Each structure stands twice: as structure tokens, then as C-alpha cells.
Amino acid sequence: MSAPLDAPPSVEAVVLWLALLAPPLLGLAAWRLPPRRMLPVLLVGTPLPLATLWLLHRVSVGGGLEGAWSLAGLRLHWHLDGLAGLLLLLTQLLLLASAAYAVGHRRAAAVPERTFALFWPLLGGLAAALGLIWVAADLLTLYAALELMGLTAVGMMLLPGTGEALLAGMRYLLYALVGSLAWLLGVALLLGATGRLDLAGLAAASEPGAVTGIAMALLAAGLLLKAAIFPLHGWLVPVHASAWTPVSALHGALVVKASFFILMQLWQRLVPEAVAAAWLLGLLGSLAVLWGGLQACRASALKQVVAWSTVGQLGYLMLAFPLLAGTSAAVATLAWQATWLQLAGHALAKAAMFMAAGNLVLADGVSRLTDLAGACRQLPLALMTFGIAAVTLMGLPPSAGFTAKWLLLQAAILAGQWPWVVVLVVGTLLTATYVFRVFRCAFVEASPRHEVRPLPAGMDLVALLLALAALGLGLGAEWPLALLREEGMP
Amino acid sequence: MSGALLLLATLGTSLVAAVVIFLLPERAFRARTGINLGAALVKLSLVAWMVWGLSHGREYVIEFPVLEGLAFVLRADDLGIMFAGLSSLLWLLTTIYAIGYLEDSPNRKRFFGFFGLCVASTLGISLAGNLFTFLVFYELLTLSTYPLVVHRGTSKALAAGKVYLRFTLTAGMGLMVGMVILHVLAGDIRFGEREILAELGPERRPLLVGLFWVLIAGFGVKAALVPLHGWLPRAMVAPAPVSALLHAVAVVKAGAFGIVRLVYDVYGIELSAELGLLYGLVVVASVTILFGSLRALAQQELKPRLAYSTVSQVSYIVLGIGLFGPLGTIAALSHLLHQGLMKITLFFCAGNYAEELGIHRIDELDGAGRRMPLTSLAFTVGALGMIGLPPVVGFLSKWYLGTGAIQAGMPWVIIVLVASSLLNAAYFLPVLGRLWFRPGPDHGVGAWPEERRLGRLETHGWLLVPAVATALFSLMAGMLAGMPFSPLEWATRVVNAEYLP
């Protein structure tokens, strides 16, 4: 189905670009007319994932789509394969959930309407940026989308308007700018060496050597910074402490993953055989798992636990690099599926967990773990949602995290890379430690009863649905994984 | 109803019940009770239907792919349905007991919700058709029992929950890694297809031996094999129905059942014997039996004594597996059921003494037989069964174990059995003596620690009926052991399929 370049666009391409460009327009509309109820948001947003589902069906039948734009003398490439389509679907579902949740959040947290109206265009911009990242096939589009994503994310972090939020947001901006700088340098080097910017052309034109190596190192450094991979994670936890819950959910679920996705795309095309560097990334990931887990065990506030858990969980994704570099096809296929399943499961579960934690904090009016005593009696649904999301994070059955861990273990064992088996085991136990620490606090019975603020039912429901989706993806993983297996790796 | 649908309905009954209970408000006592009992009865009949179907040669299988080369398989076979039957029967009785036990206490919705999930997991374990599916439900069981163990929310309960998780989650990770390695070696291992591992080359043998012990350690935590039993006595802080569930129906049984599956359906009895694994199992089981009995003797409180008795008794199952031969296997499989019936009786009775009279220590039991005759009779039946006196069903287990040991050429096992029976007698007979032959408050000597007069009978009817019922079942299973569908007869059926080609 791949159309020749500059041919009249196919129906699929039109649908894709409509789905990509609709969110910013909807965001602008919502800025002028902020929605007050969840239902209209859901009704307006639902066609987007449906369109993506249809596209995925077309892709699975007829193979990937690709094309290019000519813009002021530059050719910008895009492509939609199964992976990009699945990630687009995931993004749309999470954005929709966050949008619905945000409506309830505004009401429950009594945010002034004019401040909150700004959330919508930023959300639309973030949606467009993420969509572009999944389908972009050249470095220039990727750069533009990455910057747009960073700026909208910082903008959303600044929305609460407190001094704390401002400080954390500015620090985030600074880190993001440094990351962009490294990225630009890397792109410049590649452009100078090969004269190409499109990914397919780069993969063909670049040859292993010092220039490619240095360029990839710069690109990787920039992306690792934006993805908050250990030891470049310093900005992540503070921004979550002050951000609104729907913003935290989106950030933890999608924004950091987008940088990882780009890194993986470039790595597979430019330096697929760089085993030592891949092991270095795997090592960083292992340290992230340990450090994030340990810090989450020590954190005293609920949102901090969840944020540190993101640092740790991102580490699992990094294990993909050593398992993909220079290993047999069987190992690589397993690791490839494991990585994206882990990413999807974590995205759903982390969004659910941030929302559940947000609900607990908002309804209970406390943010410290030790103040959660009695929460199981007063806020059972929020706690249950937290628990279901935690099952995925711990990688216990029947969740997506479990199936992904099974695949990762299988890949590591088949490749004989035993260090990662240890990392997975230790990471699981650390995750269980911080998750059940929360529950130990919540199960305490001897506690003074305090007032609980009622929240809109939709807020609990959205979080629960996301958590259940992460759980259901564990045993229902065959359809997306089959799509990934069929098209292979770049 | 088609086979697949019947399987799904059986598993779904308790799952749906759990979800509905979570959705009902806390105060909806009647609706919750109705759903609990209704679901338990429906499930028991569905399992009975499958037992009937299996004995008429029907097949019950359902599967769907989860990963490439890995499926989620539910399959009812003779062995699995034994465990499923036990758990559904005892679930019904434990539910009745729990409704009475938790009357007017807080957090009942949470309790019964997780209770349902726990039993659904147990059923899933018994119906799992491959290692992957087994692991899914095995870990679900860990998760769903945690809220039950910490139910009281006291610092002691929370600490016990922490220990429980530390043991079980670590073991779960060990199991998962071991199972993935097996999967890498041999692909998807379905229960009932026994030759896969035996076909691996001799160079894999050391790895297989190592893996076996990793997996045994993983199952051994739940089965409370010494030295992995530390969580079990501590988990005694949980409410009595939970203890009954942990000890007789779900958790320790899941561990023991896992070992059964591992030896018979994953490695195969021939290969296990060839690799010398069975001898090791017998040694581990013997140590656990003696150690558990000795520790039980040292306990001054009733529930911890029963807990250590469980440590010892569950290992009879492992011992029977280790005795290579049909008689040992019959002993192992039938003891899986027999121990469940007897142990749950003892825990129900211990709970009754605690609820009605406030008795926790053994020396407070003096003369309780006069005050609570039916409970004490039930306790006596359970205790005599544990010692191995006919006609209670425990006698059969020990008889088959002894003959199995001779058949397997390990006569020293009989010494272990005799020693263990003597120890059983040493820690149970004094309790019975106090119950029946010492004067107590009802004879005008002293006072009960905290008497509550819960019902017109000797205690609350919901507490009394399950205890008496399980005691009767233990007696009947012993006296009617030759009848069709008795535990012993069914175990013999499984063994015939296993040993006779």
C-alpha cells in the first residue's frame, strides 16, 4: 500500500493526518469553550482512537504506509507501521482519559476556570507532538515534534502557578534545552557526514565510524536527558510534586517514553551492532531500576513514590538495547516485543497510578504516606485502583508487566545475558517493597477518622479503567504483539 | 453445556462473585451473604458436574495464545479436579463459617471480595493446563491472600503480612525464572504430556536437577517446607477463617499441589526417579515432618500448635510423592484431601473456642468438652485423624505411606512415620485430655477467659455447623473409602492413569 511519493494522498493518509491534527484544533476550541462535564469530552475524543484502530487494521492487512511532504524545499518523511499505529492508539486513549479526568480534577480541586482553560491548547499541542514523533521518519520532523512536546510539557507543569511549580518547571526547561542542544549537534554532524535527514536514507548512507559514533552519542545523551534515564533523572521527581494530576499522568506515561522511542529508532538504524555501547545503556537501565526502586522505598510522599517508580521502571526499557545488539533473531524478536509491551503496560498503569494517587491525596487532603491510615475504609476504590496499577508495575500476573517480564526473561536467558535476569528479579522485589509500603500505611486500622472530600465518580472510574486495561493487556497481548512480530524490526 | 464453557463458568463464578461483592456497599449484608453462598453452591455443583463428566470420559479444555508459542490453558484432568473439588467444598463451609465469625466486624466487603478472589485463584491453580497458567494463578493467590492476612490492621498483622510477602514474592520470582528457563529449554510444557523433558540430551541433566530444586524451593515456601516455613506460624494473627483457608484449602495446598504437578506432569515420575530427585524429596519431607511436630509440641497456644502441625502434615504429601510407586502416590494425592478436611475442622474448632469462650491457650481448655460438646467432638475427630487412628481418614494416609515406603525400598521412612505419629499423639492427646477429663468452669472450677454466649446452641450456628460438617466428612471419607468418588478411590484412579500405560 506504500504510495509513491507526491502521488495524491490515499484515504489512509488523509485519515492519519486528520487524526494527528484534530487534537490541536479541539484544544483551541476547548480553550474558548472549556468543557464542564466529562461526557462531551469523551464523545468528541472517541472518534480518534476509532480512526487509529481502522488504520491499524489497514496496516495489518496491507503493510505500512509512508509518504513525504515538500515544505520550503525540504522533504519531510513520515511512515505508519504497526508499532507507530499502536503507540498512536495508546497515546490517544491516554490523552482522552487524561482530558476526561482533568474536567473532574478542575471541579474537585477548584482551579480557577481561566487558568484551567490554558490546559486545553497545551494538551492539543502535546497530542500533536506525540503523534508526530510516532510517525516521523526524518530528523527534522522529529526535532520539531520533540521541541513542541518539551515546550507543551513545561507549559503544563507551570499551570499551577505556585513558586514551587515555577522552579521545577524552569529546571525542567533548562534540562530540556540542554538535551535539545546535544540533539542538534548530533543532527548537524550526521547531516554533514551523510547529507541525509530521512531515517531510511541515513541508515543506508551512514557507515560505522567515529563520526556516526560521536553523533549517536550526542543524540543519545540528549534523548536520555529528556527520557530521565539514570543518572540524568534529576529533574523528574520535583516536577511531579507540584504538577496537576492529569499532567503528571500524561508526563509519566507518555512524554518520557517518546524520547526513548526516538532513541530506539535511531539506534536500530545507525548503530545496531554497537554491543559495548548497548551494554552501557543496559547498565544505566539496571542502575535506574535499582536507584529508582530504592528512592521510591524511601520517599515519604505518595506522589514522590509514584514519580520515583517511573525512574525505576524506565530502566527496564533500557535493557532492550543489549538484548537487541548482536544477538540472534529469536532473542531480538522476544526483546522487541517485550520492550513495547512493557512500555504500553507501564504507560497505562502509571497514568492510572498517578490518578489514583491524585484521588487519594485530593480526597484525603494529605500527601504523606503515614497519613494514609484508614484510607482503605474511606477510599476503597482509589486504593483498589492503585493496587491494580501496582500489579502491572510489579510485573505480577495477569498484567502486561508480567507478560513483558516473561518475554524479557526469556530473551535474556536465551541470549545467556544473566545480569539482566538478576536486575529483573531485584527490580520486581524493590517494586513490591514500595508498593506494599503504601498498603501497609493504608491498612492501619487504629487511626483518627478525618473528613474525606467527595470526588466526581468519573475520576475514580477513569483511573480504574486504565488500571484494568493494563491488567487486561497481560493475557490479551497476542493481537498487538502479532502485529509487531509480522513487520519485524527496522 | 460445552466443556470450555463449563470450565469458564466454574472459574468465573467466584470471580464474578468477588467483583459484585466489591461493588456492593459495605452495609449490604444480606445481599453479600446471598451472593457468597449462592456462588459457592453453584461452583460446587459445577465442579461436581465436571467430576461426573470426567468419570464418563468427557474432556474439558479451553486455551488461547498469549505469546508466540505460549498459551493460556485451562484443562480439567483427574488430578486437578481433585483439588478443585476440595477447594470448592471447603470454600462453601469456610464462607458459612466466615459469615458467622465476622458478624458485625468492619471491612467485611473487602474481606469477602478478596476471599472470593483467593478461591478463584485456587480453582485456577487446580485447572491450569500448563506451567504458565499455573504461575498466573499461583501469584494471584499471593496477592489476594495478602489483604486477608493483614485484615485486622494491627501492627502485628501488618508485620505478619510483610513476612508473608517477603517469602512468597521472592519464591514467586524464583518460580518465574525457573519456569522461563524450562520454557526456553523445552517450550510450552502442557500438563499430561510427560515426555518432553525426558527427551532432552544427557548434557542437560545437571541443569534439570538444578532447576528442579529451584522450583521446589519456589513451591516449598507456600507448602511450608522446612526451612521455608517461617511465614506460616506468623500468619496465625489472621482471623480464623483465613487460617483455615491458608492451611487447608488454598495456600499450603497450592504449594503442595505445585510439587505434585512438577513431579508428575512436568518432569514425569520416571525422569524424577532417574535423576535421583525423589530421594531428596523424601529427605526434605522427613525433616519437615519431624521438625514441624517437634515445634508443635513446644507451643502453648492452640493456633500456633495447629500451625506447626500443618507444617508437618503437609509434608506427608511431599513424602508420598517422593516414594516412587503407586502406593506412595495414592497416599500423597488422597492426603491432599484428607489433610484439608481434618485441618479445617481443627481450625474451625479453635476459632469457636476463641470466639465463644475467649480461649487461646491450651491450658485454658480444661473442661471445655462439657461446655461445647459438639465443637469438642469435632475437634476430637480431627485430632485423632491427625494422629492416624482408624476410622478417621488420616489412618488411610499413613497406612498407604507405610506400605508405599516398603514398596519403594525405603523402610526407614516407617520410622519417621511412627515417630511422627507418636509426636502427633504427644501434642494432641493432652489437648483432648484437657477437653474431656479435666474439670473446668462448667464443673465449677475457675472461669472462662471471655465467655460470649453467641447463640442458643453451644455457640453461633454459623460457626458450629461447618465444624461439625467437616468432622463428619473426615469420618465418612475414612469409613466409605471404598465407595466411588471417595478421595481414596479418586486418587487410585489418578494413579492408575499415571502408572499403567
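Numbering starts at 1 and runs along the chain as displayed.
Using N, Cα and C of the backbone, Cβ positions are placed for all residues, glycine too.
Look at TrEMBL and you will find A:136-431 tagged as domain 'NADH:quinone oxidoreductase/Mrp antiporter transmembrane'. Summarising the annotation, TrEMBL assigns transmembrane segment to A:14-31, A:38-56, A:83-104, A:142-160, A:172-193, A:213-237, A:249-268, A:274-294, A:348-367, A:379-397, A:417-436, A:457-477 (among others).
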Report, as numbers and ranges, every residue of the chain located at least six residues beyond the transmembrane segment (A:38-56) whose Cβ falls under 8 Å of a Cβ in that stretch; write 'none' if there are none.
12, 15-16, 18-19, 22-23, 26, 65, 80, 82, 85-86, 88-89, 92-93, 95-96, 99-100, 103-104, 456, 458, 462, 483
Leading contact stretch, A:14-31, A:213-237, A:249-268, A:379-397, A:457-477 vs the transmembrane segment (A:274-294) - CB distance under 8 Å:
A:213-237
Would the transmembrane segment (A:417-436) count as touching the transmembrane segment (A:348-367), i.e. at least 3 C-beta pairs under 8 angstroms with sequence separation of 6+?
no
Candidates A:14-31, A:83-104, A:172-193, A:249-268, A:417-436; stretch with most C-beta pairs under 8 Å toward the transmembrane segment (A:379-397):
A:417-436
Any chance the transmembrane segment (A:249-268) and the transmembrane segment (A:142-160) are in contact, meaning at least three CB pairs closer than 8 A with a sequence separation of 6+?
yes
Positions whose Cβ lies under 8 angstroms from the transmembrane segment (A:417-436), at least six residues beyond its ends:
282, 285-286, 289-290, 293-294, 296-297, 299, 305, 308-309, 312-313, 315-316, 319, 322-323, 387, 390, 393-395, 405, 408-409
Within this structure, do the transmembrane segment (A:172-193) and the transmembrane segment (A:83-104) have 3 or more Cβ pairs under 8 angstroms, counting pairs 6 or more apart in sequence?
no
